[in-house]
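**Q** OK, TrEMBL features for this one:
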TRANSMEM  A:17-37  transmembrane segment
TRANSMEM  A:44-64  transmembrane segment
TRANSMEM  A:70-91  transmembrane segment
TRANSMEM  A:103-125  transmembrane segment
TRANSMEM  A:153-172  transmembrane segment
TRANSMEM  A:202-224  transmembrane segment
TRANSMEM  A:236-263  transmembrane segment
TRANSMEM  A:270-289  transmembrane segment
Amino acid sequence: MSLNAILAQTMLGLSQGVFYAMLSLGLAIIFGLLNVINFAHGALYMLGAFVALIGYSYLGPWLGQPDWHMGFWTALVVSPLLVGGLGMLIERFLLRRLYDFDHIYGLLLTFGIALILQGLFANYFNISGTPYPGQPESLSGIVNLGFMYFPKYRLFAILFSIVVCFATWFVIERTSLGAVLRAGVENPKLVEAFGINVPRMVTLTFGFGVALAALAGVLAAPIYSVSPLMGADLIITVFAVVVIGGMGSILGAIVTGLMLGLVQGLTQAVYPPAANTVIFFIMVVVLLIRPAGLFGKVV
Amino acid sequence: MNKSFLTALCATGALMFGAAQAADGPSDGSVKVGVLTDMSGVYAAIEGPGSVIAAEMAIEDFGGEVLGQPIELASADHQEKADVASSIARRWIDRDNVDMIVGMVNSAVGLAVQGLASDKQTITMNTGAGSQELTESQCSKYGIHYVYDTYALPVGTATAMVENGGKKWFFITADYTFGHSLQKSTARVVRELGGEVVGSVNAPLGTNDFSSYLLQASSSGADVIALANAGNDTVNAIKQAHEFGIVDRGQKLAGMLVFLSDVKALGLETAQGLQFTTAFYWDRTEKSREWSQRFLDKHGEMPTMVDAGVYSATLAYLKAVEAAGTDEADAVRAELGDMKINDFFVTDGSIEPNGLMPHDMYLVRVKQPSESEGPWDLLEVVSTIPADQAYIATEDSACPLLGE
Amino acid sequence: MSIMNRVFWVVLIVAGLIAPHFVYPVFAMKLLCFALFACAFNLLLGYAGLLSFGHAAFFGGAAYITGHAVKVWGLSPLPGILVGTLFAMVLGAIFGSLAIRRQGIYFAMITLALAQIIFFLALKLPFTGGENGLQGVPRGTLLGVVDLSDPIAMYYMVFAIFLIGFLIIYRTVHSPFGQILTAIRENEPRARSLGYDVERFKLIAFTLSAALAGTAGATKALVFQFASLTDVHWQMSGEVVLMTLLGGMGTLFGPVAGAVTIVTLQNELASFGSWVQVAIGSIFVVCVLLFRRGFVGELARRLGAKSA
């Protein structure tokens, strides 16, 4: 294979990898603080994309204003807020009741929520996807990267996601807000003693993690068709990413997400059928060698 | 729990076991048609709720009853899964007395259901699946293949493309029976005309990102990138080919199986100029326009070739039942083999012993946005491919039934 | 044996014997296969406290192997099912030895990843038929005498297999081995300090559970004459968790009740499309929030019975 072809597949891998990174970052934050594996993460990503689609194509006509569209940039703000809000409600009224029990129940609860969300949307929207027509004019067209022609929008999605990921990492690892968060993970009682409302912090954190998923959903909408099941298969891969990165590790989630996207892109070029499974092979190998994951601390 | 109690239970069981074997096979009092299709998945726009409406129309147009009995209709969603489909078909045949199953878009489903139904001596009229296997090595006495197959599809399209200079072909193929079968027969046509196949890649059914495959196709140096897939896969692949500017840089796309619904989904802006082969286009004759308008009024969308085929097949089946004077499968199948089918979909069609129903196919071209005069004015018929050229000749068929 | 348990046994056997005369036999067989699958899963979750999210690999893997053995190698049904079961057992031993070193969520994730690899193999290996699945598996004749294409005969064979599987689980749970498993679930460090080789016990439980899940899958392959990707998909792993949880994990009859409920629900709601998923998801949520014991567990508690 030529160098150009390898570079080109790498770019495609990267454009997949940023979605892994965004989703696994949200999962890692939630897992770090709540010890809950959020199985509904994929469904909330799907919901994020649907907020953008409904806002663009359906909301206007419903309100009797057929010409009105909620634009892409608006959706990029509105969707994470709405979905994040829903996430906070889920945490406050459902998940919170389970903290005294085995963590497995959190996983099972969110699995149920994922089924409900997917089922609801599958009733009203085609399972194989509805195109999102709201891609901004300024981002349409292609750019010549020298080794390939690449759609402008995908380039934007890659850069935007990387910025969001590293900004999140910076806030959590390098600011005082993040310090409180991290302390809350280590010792909630102590943090409480300093007068910080830990339950509220947990709710907000869950909302933030979920908002990241919704943001990824909006970014994905113009690239992939918006479909009720778009998150269902993705989430399993993202779980693997989180496990490989080391559960709860913020940097691990980001770096592993990007890296595995690249690996997947290259696999797709060499042996396409294995593209969806290569991550699971890596996961098994990593767990055999480093049970806590690449970036995880050995407990 | 004591032993004698268990023994007693087992004895009861043995008794009931015997009783059940004696009471078997009540005959049914109605003719029941089952539409087994994809109601919400990858192929739902091709043969989904619309084909149920088409079957309803056929029953209505026939008068609602046959042999003095009401005609019943059942429909179910096979979810693109052969196991789901065969368990529905099994239940329909065993328990619900369904006499004929129509639809079955997706070849994996089509082959599974045809195999099961022929074991149980039930007629299937396949309108949705394309694999030629249905009437070749896996043909069945009770299986009929009605609308199109992978042999017929490339004839018009590939010929037109090769003649326009598209000598080197690269395939993006749906990774299951239908895709492989379509690739094989297309490659055959291409080679016969002096073209060559420079590469191929298999993409899983339901792929949402074709960019990696398209990139491989693009760097292969092929003149034509052939999409041996269907439904949403085709739509996504074409859309992403435009996104990456592949078409603008001179490579041509060939949709080996494109439906009207796909063109609608892509929009004329993206799809314009695309040539493909179809068994039916609504705006072709007076009769097809009239029927399609009725369908549009009921369904809100113009019929795909499969919707039209479901109507035609159901009607043909009912006529055969009437002529045979029974819904017994052997008699009906014999009648279907003898009669000539004439409606807006097919002229003088007849069903061959291997189950194939050869009929004319049409090479069509997607109109430019400026040529289109209405929301459904999408295609132009370029040429007609006569039935004997479009379909494999009966004497060349590998169906084992023909040797008997 | 408590009165409630005795009632359950009677209901189970009587219902099992008369079922095919009242419900469509293939549906009844499907119930039995899933009931056995859920019971096998429960052995692991309910008694050893290990949540596997990869049990579809054993269920579906065995279905493929049995289907192939019967269709291509020409084995008769019982040896066919045995081959499938053995395969699941070996696979279970491999998965188990990789996964039991971790606990809780890690354990679930590792089993999930391993199962994904099996899914990939099922998609890609030539004998599985990929997207088409392994079709047209013959049911054959039982011991060369009984023609299993008769649904009633097939039903009673499936019922017998189910009862055998169920009895094995029953015996296991009530054996010293089962007591130790429960002890490990309740308090692992304590069990360890008492000198038990915790890993070994867990591994045996995992392997046994996998083997029985395999029996269920192998039987299903013969019932439907089909092995397909649905059987190895991760959603299948999710479904069996739901069945067990709904009926009551750690109860003997709970998984049976859970499986019957879910399969019936799927069957009855099939014409409502995706509302099935919504209904099942809602049941899941309500169950996790309010009835963590499942309905058999809840019933047992109300009746004040000892753990079933």
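Every residue, even glycine, has its Cβ placed from backbone N, Cα and C.
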**Q** Do any residues of this chain, six or more beyond the ends of the transmembrane segment (A:44-64), have a C-beta under 8 angstroms from a C-beta of it, and if so which?
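**A** That would be 23, 70-72, 74-76, 78-80, 82-83, 86-87, 117-118, 121, 125, 130, 132-134, 210, 213-218, 220-221, 226-232, 234-235.
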**Q** Which range out of A:103-125, A:202-224, A:236-263 gives the transmembrane segment (A:70-91) the most CB pairs under 8 Å?
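**A** Selected stretch: A:202-224, with the most Cβ pairs under 8 Å.
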**Q** Residue list, the transmembrane segment (A:103-125) vs rest of chain: Cβ under 8 Å, 6 or more residues beyond ends.
**A** 34-44, 46-47, 50, 90, 94-95, 226-229, 231-232, 235
**Q** What parts of the chain pack near the transmembrane segment (A:202-224), using Cβ distances under 8 Å and only residues at least 6 beyond its ends?
**A** 15, 19, 22-23, 25-27, 29-30, 33-34, 38, 41-42, 44-53, 72, 75-76, 79-88, 90-92, 95-96, 129, 132, 134-135, 153-154, 157, 160-161, 164, 168, 181, 184, 230-231
